Amino acid sequence: MSEKKINLLDLDRKGLRALFTEMGEKPFRADQLMKWLYHFGVSDFEQMTNINKVLRAKLAARCEVVAPEISSYQKSADGTIKFAINVGNGQEVETVYIPEEDRATLCVSSQVGCALECTFCSTAQQGFNRNLTVSEIVGQIWRVSHFLGFQKETGERPISNVVMMGMGEPLLNLKNVMPAIDIMLDDFGFSLSKRRVTVSTSGVVPALDILGDNLDVALAVSIHAPNDELRDVLVPVNKKYPLQEFLAAIRRYLAKSNANRGRVTLEYVMLDHINDSTDQAHELAELMKDTPCKINLIPFNPYPGSPYGRSSNSRIDRFSKVLMEYGLTVIVRKTRGDDIDAACGQLAGDIRDRTKRLAKKRMQDSQISVTIN
């Protein structure tokens, strides 16, 4: 049986340098290879003309460059593109490209499904299958960059920002997420600024501390409720890591970080008559008084079978005004791609559910009980 080839997209620069050293080559060859892979999108070793023929033959014998394929895509009226990415075994994750005047953002997935059970999120209702590999994470950027067009003459890439807000909880896949981020930030990789790579988390506290000890990127936190009682229902990981523990971990992260400029981005999905009253706005402002933040209010994006509705514009406006009275920076997020189910909370993909959550969900949908405000 032939030895399985090494997928070079699974290795950050440290891993590539170790590989070249083991092959009896100079470590700087890793820098050359990364530039071909990530600046120019080249996967054919024969096109890597500043690498000698003998080494190209060695690489072809032992290594490969394999990114997951795009199965299909949909384009929204606002220019947003949702990609279905085939990650093997008949399963797909979803990746969303969001073009704006001053940036082009790619929302990438970190898991096939999600192990958390946030009750308002379509991905969470699908259950969980597995973590994505490094090559499957960076491969989303690589493949979409090919779709959009690498600038092969200049090395300019079509994606300026990456947000890890797709399917899955990134901090439950740190083993693969951290080297993937290393590749995003590396000057020979995708060469993104640490302020242009955002990791979002629902509050896996120990993993947030590990992330802060190893990487400095922008942080977004999914709060969605101003107290533990409601958050236990909406974001069940809160039962293990309550709000005060989560906020303390956020402050520890901010103390180590330059990318966040001293404040975290707080994500708060607006659920009609669930978490959107003015009393809850006051409660949220008091909760965050010791944690510097800017607050993104996200109009809920309904999906089939969801027990929640979207807050009215008037309720969102009143909620926002209360927060601003406390001197907080508040942004009401403009919904993008909702006509193709590409908006926040709508990503579902095609998941073989190891948790059997879909079957459980059918029995539990009518049992969700939250205080109406």
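All residue numbers here begin at 1 and follow the chain in the order shown.
Glycine residues also receive a Cβ, built from the backbone N, Cα and C atoms like all the rest.
Since we're looking at a predicted model, the values are computed, not measured.
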- Record-annotated S-adenosyl-L-methionine site (Swiss-Prot): member among Ser200, Ser312, Ser314, Ser320 besides Gly168, Glu169, Ser222, Ile223, His224, Asn301: Ser200
- By Cβ count within 10 Å, point out the most packed of the binding-site residues listed: Ser200, Ser222, Asn301. Ser222
- Message: Please give the maximum pairwise Cα distance, in Å and rounded to a whole number, for the S-adenosyl-L-methionine-binding set Gly168, Glu169, Ser200, Ser222, Ile223, His224, Asn301.
- Response: 19
- Item | Long-range Cβ environment of Ile223 (S-adenosyl-L-methionine binding site), under 8 Å and at least 6 residues apart | Arg231, Leu243, Leu266, Glu267, Tyr268, Leu284
- Note on the structure: Expressed in Å to no decimal places, the gap between the Cα atoms of Cys118 ([4Fe-4S] cluster binding site) and Glu94 (active site, proton acceptor) is 18
